[in-house]
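Annotation source Swiss-Prot lists disulfide bond at CYS21-CYS71, CYS30-CYS54, CYS46-CYS67, citing sequence analysis. The domain 'BPTI/Kunitz inhibitor' feature in Swiss-Prot is assigned to 21-71. As annotated by Swiss-Prot, signal peptide applies to 1-16, with the evidence given as similarity to another entry.
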Amino acid sequence: MVFLLCFFLVADVSYGINGDCELPKVVGPCRARFPRYYYNSSSKRCEKFIYGGCGGNANNFHTLEECEKVCGVRSRDSPKEN
């Protein structure tokens, strides 16, 4: 039983990124212009984008800090603009 507990703890730590952070950026079909952040799995950093206001997914954060905290990213430079 202890072995299983250790196995799952190691597996959880080694996986690292929250599954929501691996979702693609979705601007959505609506035409609002909300500045948001998403985790870009290619660049491995949080980047700014303009969210339309509807039809998004969980990879959509109000602040850079929230994105970095949830997705386990350390801030490097200012975010890329998209």
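Each residue, glycine too, has its Cβ placed from N, Cα and C.
Sequence features, as recorded in Swiss-Prot, placed on the structure.
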residue	record	Cβ contacts under 8 Å, 6 or more apart
CYS21	disulfide bond	TYR39, SER41, ASN59, VAL70, CYS71, GLY72
CYS30	disulfide bond	GLY52, GLY53, CYS54, GLY55
CYS67	disulfide bond	TYR37, TYR38, TYR39, CYS46, PHE61, VAL73
Structural state census, the domain 'BPTI/Kunitz inhibitor' (21-71) (DSSP three-state): 10 helix, 15 strand, 26 coil
Model confidence over the domain 'BPTI/Kunitz inhibitor' (21-71), averaged pLDDT: 98
Residue with minimal Cβ packing [other Cβ atoms within 10 Å] among the disulfide-bonded residues CYS46, CYS54: CYS54
C-beta crowding around CYS71 (disulfide bond), within 10 angstroms: 23
